[in-house]
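Copied over from TrEMBL:
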BINDING   129-135, 154-158, 228-231, A291  GTP binding site
BINDING   T135  Mg(2+) binding site
Amino acid sequence: MIHQMAINDVYRLVLAASSASVRERLGAGLVFPHNVQKAMYKVQQWSMDGMPERLTDDVVACIYAIWMDPGIRRVLLRIRLPKRAGLNREQQVYDHRELFHMSENVQHFFDKIATIALPSWLPSEMDILISRVKTTGIHDEVIVTEGTMIRIIDVGGQRSERRKWLNALSDVHVVMFVVAGSGISSNESDNTTNRALESLDVFKQTGIVAQVCKAPSLREAGLVVLFNKTDLFKKKLKGVPFGEHMAGYRGDGSFASASQYYRDLYQTAFDSVCAELHIKSRPLKFYDTTAIDKDNIKLVFHSAKSYILQQLLRGVQLLK
């Protein structure tokens, strides 16, 4: 899992560093010595030869050469870059780092890439928590907490699977939507589309909300929106002016103000869908989460569990 994440990250780095649009945004650009150019060429060849499955010696050598390059580290490790008009130093650095679309914790893994590649290496709890893996398909888990059994079904938002799981589910008490709260900058495909607004469009325009509202098994279910990566969102707000990425925002740029704006956007979108379907709207439940903060997750999970139990009691008409 972590091997593949590191391989994917260095591949994204090389593609971005080789992009004319990225070089233009960087101003003076990146000039690489021969050994780094050679390593980058090998990485680019993966698109034709096939992506490596593990961190072989050759892959580790490529990652190490690229990661240790002063130009790459200047951009990715928040060292000062030539200023752009209207941006302070911290904003300037974030503006450039966002062009590379790598894992937020890439430094943690790249700094010890040779150790990770050892057959004897085992990931720590923190390694697992901060790793990133895209999931597909439907995942079904049952957990027991404080004597309460909760079944969690992760459908991953896959459009091809949506009709299947909507028709198959029954006795669902809560539907959770997970959104990356830190995604206020551009997406990976075009470096222009706002990822936060793109997530909102997925929420309201792809039919997810409409189908959830119309599905008999979900009509009475509680609806929860989890804004994940709160820690990264707070850091990003220090360097990225929130109002520049959200045209309708008029707040002070603080976390409290920006997070409330997110909540209002999603509630308004949900109300709009309900109005179009002539269905009575209902308040969404919102949580700010930091997946790598165990204490935060415990608090959120305890609150969410109480909410689930409330929905269950309403379902059997013991609570109104």
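Every residue, even glycine, has its Cβ placed from backbone N, Cα and C.
TrEMBL annotations: computationally assigned, not manually curated.
Here the features listed in TrEMBL are painted onto the structure.
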{"residue": "L129", "record": "GTP binding site", "CB count, 10 Å": "14"}
{"residue": "N228", "record": "GTP binding site", "CB count, 10 Å": "19"}
{"residue": "D231", "record": "GTP binding site", "CB count, 10 Å": "18"}
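Under DSSP, N228 (GTP binding site) is assigned to a strand (E or B) in the three-state scheme.
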